[in-house]
Structures are given as structure tokens and as C-alpha cells.
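Trainee: Got a structure for you, questions after.
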């Protein structure tokens, strides 16, 4: 069980468990590390980096170099977001962003995955924004049975509203994320999102519920994302209602799963009996 | 008559063993004869630096006319694919200012022009530009003639300049280009580090250095096969198709002398480039190195 947890954690940290098909033919390519997060604490520890060949003071300066490179990349990506409305999640947007940041257009190849890197950056950025916002929200009382529905609903809707400026081109972004080579990054950001929401809503579970909550929440988020794309109601009230309904569903499922098997045995037996009667065509309750 | 010599060579097996010995010996001496300096390699020979320059010059003067034919024959046409991939990796946009060093016959330049054409019409305020630089006027003449024949003129929307110059000391201002390519050229330069320094100097911040060059195969068996092909077949082809043995002997030897992928990568990093990566093509027969000046 702890192994699965480690795997999910590592995915969350952006480790690439699944090597994309594209890389299989060129195993010697040193893949640029994709870490656009500004949070120092999230630095990956499993990824082999250039630092391995240096020690002491020189590793310090290499860390600085790496930070500098990440800063340049982040600056270009930030500017590129401004061109998404015009050029989509594309190489053109990256090129225009590079020019806006004072570099020539060809430096868009700092991001070998083109639009996918831009989408990834945007996701990571939004997740970080959401975490800062969530920290200031009031915590709901969390007793054993109560689910912080309002908090989770707010978190999902807030996160979806961050897509507002890019709503027209977001279907394209979702398509880019669904490409096999981009799936690991996409899953990593999604898991980091639901993990953050669970954590800040007060989830401290260490049992199997840990997984159920996160997977369930991920499902709700992705469904809501699809709903949101075609939601034209004022203030996205439709999306809010949709999210609330899905959370209710999830609660129902959880209630059903938490039921004591012995206490529900008569109901289960009755249901089985009725079903059998239905099948045999001897149901008298017509 | 012309066939006799190639066939004799073909029969003299054990040649590649010698080649390997020479390679090993050379690697040894290179580190020791620092005090003698001014010595460098020309294929497997050790020559004066001045002499290497002259010899390389002669080689390309003699092969210029048959250069493209020989490339097709020796690589079975794969060099076109390599160069296409190279241009895909560069992925220029409108407004790119490219310096194509050692690009005499225009292979990279024409691909660049095509790539831009396929991007669609350029915005009014962005004009792309390419400077073809080669040390050898004979190669440039071939390129110019091809450009004329293929209809690549300034009216096509991209400015083309042809420049005869040395990659080790470019007569160009600092920070003036956004991309620098060198395909199958850096191997022939006497001081690779100087070439890299010059590339770093002429590139604007954010500019990209890209190099397409023969490299080494990580797999021993494949390398053996490749060695056989190089030493036994290529000079023969040279003799048969171009009537020249020596230049093609030099070609395969110089490939063996060039540093491998990792070594060359660290050389690029030493010149100041960042985000240096490389990609092997055809099992490592050639490699594309890329770096950014940021």
C-alpha cells in the first residue's frame, strides 16, 4: 500500500514514471527537466541532474545556474500566455512570448514540447494560485462523518474560473494534454491539484480513504471541467450546481460503502429476492 | 586502371584494426604534446595547424563539384533526412536571423527557406534573413548557382547573403543573429573551441546554436559495422564517382577524430551555452547538438 502512495506522490512531484513513446527511439536525449514551479520545497530528488558531477561550492553555483534558466523559461512562458487568445496553445504563442520577453522567436525551442509545455506551466501556476487562496479560506468543522462540501465546491469552482480568459481555446489545451506523451505531466498536475484541495480541506487520513478521496475528486474535477466549457450561465452558476450535485453523489456512494454489512443484510436480501422474482416473471406487484 | 587501387585497398583487410590503433595512440598523444602545440590532426595524420587549414581547404576545393552527389551516394540519401530533421528541430519562425556556417552548397539554407515558406506568409513587420558563410569560395559558388536554379531570390521574402569567411573569426558584429547552424562543418575546423566562442559572440541573447555532425555509435557491434563501411566502402565510392581517394579517406578519418556526443556537449557548455542537449540520429552516426545563449 505504501508503494502505491509513493508512486502517487512521485507523480505529483512531476516525476515521469511513464516514459513517453516519443522518447523511446532516442534514449540518449537528455530530457530537459520540467520544473516550472517556483516552490523550492518541491524540488525533485529522484531526477538525475547535472549536479551529480559536481560537489561542494560548484554544485551551489550550478543550482544558481539552473534557477536562472528556470527563471528565463518562466518569464517567456508568462509572456506567452498573453498570446494564447490570438495564437492558441502553440509554438507561435511561445515565439511571440519569447519576443515579448526580449529574446528572439527561435528560443521557443527551449520548450521542446511546444504547446504542451505552455499548458503544463499554466496548470502548475493555477494550482499554486489556488493553494495561496485556499490557505486564507476558513476551515470547516471536520468530524468523522462530515465532508467539507462547501470548501471543496468553492475550490473546484475557483480553479475552473481561472480558465475563464482561455475558455475559447481550452478544449484544444485538453486535447493536447490527452496526447500520450503529455499524459504523465497532465496526471501529475491533476493529482497535485486534488491533493492540495484534500489537504487544505482538512483531510489527514492515512487509510484507504486517502486514495478514494483523491481519485473521486479528480473524477469530479474533470467532469466539471467538461461541463464548464459549455456552461454559458451567468457567473457560472450552472457549473457550481453541477459540482454540488457531483459532490452529493460522491457522498451517497461513500455512505453506501460505509454501511455495516450486517445491518443492511435484510435490505440486500429483499432486493435480491425481488430481482429474482422479476427475472422469473412471478412478480405480483404489477 | 582507376579501379585497381581501390580494389587493392579493399582487399587489404586489417585496415580498421590499424585505424583503431591509431585512434588510441592519437588520444594519448593529444594530451601529452601540449608543449609542442601548433600540432593538430588531419584525419589520422598529425600535421601543423597551418597545414591542416590548407589541406582542408584543398579537400573541399577538389570535391565541391561532386559534393552533393557524393553525399547522396555515401549516405544512401539519408543525409537529406538528417538535414530535414535538423531543420525541424531548429523550427525557425518568421523574423529569424540565421547564420549558416560551413553551409556552402546551401543544403541547410534551402531547407530553412522552405520551412519559412511552409509557415505561411510572413507578417509585414518581420523579415527573415539568412547569411551563408563558408571558408571556401568554390563551395559557395556551387550554392549560389543552386540558389539561382531553384529560384531562391530576395523576392521570396527572405534576404540571402553569401559570405566567404572563417568560422574561427567571423567578420560579424556581436549579438547580431538569432540562430547559428553548422552542419557537417565543425569537424573540419582546426580549433573547435574557437568556433564555439565565435558562435556565442555573434548570437543575440536567447539565440540558439545548433550543430549537425557525425558522431560515435554507443553500440560496439554497430560501430564495427559502421567502421567497415566507412573504411572499406566510402573511399572506393570516392574514387569511382568523384575520381578522388584522399578526400574521402580524410572524411572518414576526421569523423573518428571528432569528440563523442558527451564530450562535444561539454565543450559547448564550456563556451557558455545553456540548456545544451543532443539527439542521436541513425543510432548515433550523426548527432544534433543544441544550446542556447541565455
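Cβ atoms here come from the backbone N, Cα and C positions, even for glycine.
What TrEMBL shows for this protein is this:
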BINDING   B:105, B:134, B:166, B:167  S-adenosyl-L-methionine binding site
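Thinking about packing and proximity, how do these listed features fit into the structure?
Mentor: Residue B:167 (S-adenosyl-L-methionine binding site) falls outside any helix or strand according to DSSP and counts as coil.
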Trainee: What three-state class does DSSP give residue B:105 (S-adenosyl-L-methionine binding site)?
Mentor: coil
Trainee: Among all protein chains shown, how many Cβ atoms are found within 10 Å of the Cβ of residue B:134 (S-adenosyl-L-methionine binding site), not counting that one?
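Mentor: The answer is 27.
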Trainee: Taking DSSP as the reference, which of helix, strand or coil describes residue B:134 (S-adenosyl-L-methionine binding site)?
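Mentor: Assignment for residue B:134 (S-adenosyl-L-methionine binding site) reads strand.
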